[in-house]
Amino acid sequence: MIDTTRYPRLSRIQTPDDLRRFDEAELTAIAEELRSYLIESVGKSGGHFAAGLGVIELTVALHYLYQTPVDQLVWDVGHQTYPHKILTGRRDQIHTVKQKDGVAPFPKREESIYDTFGVGHSSTSISAALGMAIAAQRNGDDRKVVAVIGDGAMTAGMVYEALNHAGGMDPEPNLLVILNDNRMSISEAVGGLTKMLGRASGSRTLNAIREGGKKILGDKKNNPTARFVRRWEEHWKGMFVPSTLFEEMGFHYTGPIDGHDLPSLVGALKTLQTLKGPQLLHVITTKGKGYELAEGDQIGYHAVGPFDPSKGLVAKTGAKKPTYTDVFSDWVCDMAAAEPKLLVITPAMREGSGLVRFSKQYPQRYFDVAIAEQHAVTLAAGMATQGAKPVVAIYSTFLQRGYDQLVHDVAVQQLDVLFAIDRGGVVGPDGATHAGNLDLSFLRCVPHMVVMAPADEAECRQMLSTGVQYQGPAAVRYPRGTGPGAALDASLATLPIGKAQLRHSGTRIALLGFGATVDAAEAVGRELGLTVVNMRFVKPLDKALLLELAKTHDGFVTIEDNVVAGGAGSGVSELLNAEAITMPLLHLGLPDSFQHHASREDLLAEAGIDQAGIRAALLKRWPQLMISLPPALNAATG
């Protein structure tokens with residue numbers, strides 16, 4: 001817990017109603033306290049950091065001027081919402097963020113009436129806010145709806161679908177979009193829109209035009225000279241700011257203004273509250289504002305573990321096991337040296353996907369398409385038609401956004417595209433919106449796909465090489481974090497397609513492990529004298545091995561960190577059914593529900609696919625296996 005007596009104003013704020021009792025002149029001091037509190041809190045707990053620091057003033061202004069929760073705020077992505085959570089009743093719990101049973105890392109409707117829409121993926125806020133505004137209008141509710149979206153999220157096509165719809169509606173929706181322009185997503189924002197916004201925020205000429213207009217106008221508002229000067233200013237502003245883009249889409253554009261200047265923010269928002277129809281306010285902010293180290297390293301301080309704010313992040317020393325992301329990072333550089341046709345695509349996840357070194361060593365073969373997963377996949381398809389070997393490096397949860405393109409543009413045409421899918425399966429503290437629980441199900445049903453799941457780091461490297469060499473679409477799906485610590489070398493060796501690995505020969509029951517569950521399955525199998533197979537391939541399955549094992553075993557147990565519905569285990573059932581083989585089957589995997597935020601270890605245990613859970617499930621189905629346990633385990637289990 002944090003000593004709130006050091007925050008005399010913030011300690012009096014439990015809800016936005018409390019905030020609105022302060023005089024407007026005190027808002028700057030409140031913002032300073034909120035920023036300091038956030039730094040202290042995230043220093044203790046870890047979590048998303050720099051984005052929240054960048055919207056302190058904006059968060060204070062919005063909750064001060066708008067009658068939340070009657071008026072509704074929709075935050076895009078949600079990385080920036082810790083200040084919002086602090087002001088809306090969760091101040092004393094914010095130190096539990098991302099922890100099991102603690103505060104959710106993103107807005108979550110079940111957690112608070114002030115969290116009006118659940119988010120986690122980018123670029124959804126304008127569509128959701130427009131839907132709310134339309135529903136309110138139809139219900140006769142005179143409420144205001146505000147969407148807060150970053151410039152990084154503005155690179156996604158969904159944003160322009162929503163803007164296009166909102167700007168052409170009759171009657172006009174009561175909608176305000178706030179463009180939080182900090183030139184960043186998680187990595188640096190890229191693309192043509194980013195360049196245009198950058199010209200707006202950094203134009204000395206535009207600032208000079210503004211100041212000149214003020215001097216000419218003085219206190220005059222409506223005389224002919226004033227009207228002429230305003231038209232002249234708007235004409236020149238159109239050359240430097242994106243107002244034309246948004247106004248042609250039907251939005252009234254205001255800005256850009258300094259997002260850290262509370263009086264300017266409050267003044268602009270008060271004016272916008274009096275206007276009808278779709279409005280867009282463009283604010284310029286600095287990610288990490290107020291904490292010098294975060295301002296200087298906005299990527300490194302995007303999300304942090306616990307740290308001492310007086311010292312900043314301290315680099316870890318000593319040897320450490322490579323993560324699966326590290327394995328991919330090394331492999332892709334090695335493969336690029338051996339395969340000149342290799343090209344790599346990422347949707348704005350250079351750091352997260354392990355592509356920093358590749359982007360520097362092979363800048364002409366590296367394509368960051370911004371937050372545009374649909375484009376990323378079809379871009380890869382186009383490259384493949386010309387003989388290139390594209391690799392799409394993407395998180396499992398974000399591949400969901402490019403699924404139609406994977407099916408329609410890649411798989412139907414049987415194009416040579418490799419999907420390097422990070423954060424597959426149980427991810428952990430970021431919760432349901434970032435889980436990779438569905439990918440084996442939605443990949444294995446696609447014709448022509450080869451789907452692989454490595455049991456260790458060395459196998460991951462071999463599978464990536466296999467996917468590049470395969471003629472057709474392939475996916476390697478690997479988990480967050482480290483593996484068991486398998487020895488690695490610089491080899492680019494491949495695996496035979498659809499061949500499993502027998503890990504342990506036993507009797508009675510065969511445990512069929514997929515991906516990250518293999519080690520736990522092997523430990524239990526050796527305890528109980530059972531056969532253990534590292535399946536390696538979710539599609540195609542090793543049909544010959546499975547049919548042979550079916551002749552000599554009394555039952556199969558499939559184990560995967562994917563939802564059971566439609567997953568790898570379902571593939572085994574389908575294979576046996578096609579061969580008219582009837583035998584006891586037990587499918588262990590993730591439940592038919594969205595997992596909450598907690599550590600990866602906690603979630604695996606809850607799902608019953610850690611070592612203890614697998615053992616318990618086996619003994620429940622086949623109690624006679626109890627006699628195979630060592631005495632100590634037998635007593636503990638009994």
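Glycine is no exception: its Cβ is also placed from the backbone N, Cα and C atoms.
Swiss-Prot lists H79, G120, H121, S122, G152, A153, N182, Y291, E373 with the feature thiamine diphosphate binding site, giving sequence analysis as the kind of evidence. Under DSSP, N182 (thiamine diphosphate binding site) is assigned to coil, being neither helix nor strand in the three-state scheme.
According to Swiss-Prot, the Mg(2+) binding site annotation covers D151, N182, on the basis of sequence analysis. With a 10 A radius on its CB, N182 (thiamine diphosphate binding site) counts 25 other CB atoms from all the protein chains.
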Rank the binding-site residues H79, H121, D151, G152, E373 by the number of other Cβ atoms within 10 Å of each Cβ and report the first-ranked residue.
G152
Hey, how far is N182 (thiamine diphosphate binding site) from D151 (Mg(2+) binding site), Cα to Cα, in Å?
7
For the thiamine diphosphate binding site, please report the maximum Cα-Cα distance among H79, G120, H121, S122, G152, A153, N182, Y291, E373 in Å.
32
